[in-house]
């Protein structure tokens, strides 16, 4: 009954991944991001991750697999997803939703830490403000974006962009794969002397 729709969805996902893989700069950006994160951890730094909606879930997934585990047992790595409901509701109420991530960055981060901002459109005002706060603290910034990068284009030390202009779920599918690869590479970097 739905076989054609299922095949169509899976083929579109495969095409989106194939298009992403065609650009070697994407592979290079993933490698550079993993090394940047591992170097921060080795120097006593941490990563804060943030996003909205499905990207918020990706930010939490990223932090959880760093502090918990990915495929193998190993020490936890310092990662925090900005997801504390009391913080989010307080700042939303008192300052506005655009400040929910930047206030946390201002309070918790320091030079040497890394911010991972995830936005399929690249236009999330609260992530843009978090990037600005991170820059003011002397932090490094990695972004996972889509389409043309939106307003976040060019704002990060490393941008990993999925150049897909259709529905956001296709971009999110690549983002979660990138997140898993980042963790795998971080684990390899962390065991190096």
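A Cβ is built for glycine as well, from the same backbone N, Cα and C atoms used for every other residue.
Pulled from Swiss-Prot:
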BINDING   52, 53, 54, 65, 93, 94, 119, 120, 121, 124, 172  substrate binding site
BINDING   61, 65, 172, 180  Zn(2+) binding site
DOMAIN    37-193  domain 'SIS'
Item to check | Rounded distance in angstrom between the Cα atoms of residue 172 (substrate binding site) and residue 61 (Zn(2+) binding site) | outcome: 12
Checklist entry - What is the separation, in Å, between the Cα atoms of residue 54 (substrate binding site) and residue 61 (Zn(2+) binding site)? => result 10
Next on the checklist: I need the CA-to-CA distance for residue 93 (substrate binding site) versus residue 65 (Zn(2+) binding site), whole Å please.
Outcome noted: 30
Next on the checklist: Could you check which of the binding-site residues 61, 65, 180 is the closest Cα neighbour of residue 119 (substrate binding site)?
Outcome noted: 61
Next on the checklist: Just to be sure I understand the packing, how many Cβ atoms besides its own are within 10 Å of the Cβ of residue 180 (Zn(2+) binding site)?
Outcome noted: 15
Checklist entry - Given residue 180 (Zn(2+) binding site) and residue 121 (substrate binding site), what distance in Å do their CA atoms have, once rounded to a whole number? => result 21
Checklist entry - Are there residues of the same chain, six or more positions away from residue 61 (Zn(2+) binding site), whose CB falls under 8 angstroms from its CB, and which are they? => result 176, 179
Checklist entry - Could you give the mean pLDDT over the domain 'SIS' (37-193), rounded to a whole number? => result 97
Checklist entry - Roughly how many Å separate the Cα of residue 52 (substrate binding site) from that of residue 65 (Zn(2+) binding site), to the nearest whole number? => result 19
Checklist entry - Cβ-Cβ under 8 Å from residue 65 (Zn(2+) binding site), same chain, 6 or more residues apart: which ones? => result 179, 180, 183
Next on the checklist: Going by DSSP, is residue 54 (substrate binding site) sitting in a helix, a strand, or coil?
Outcome noted: helix
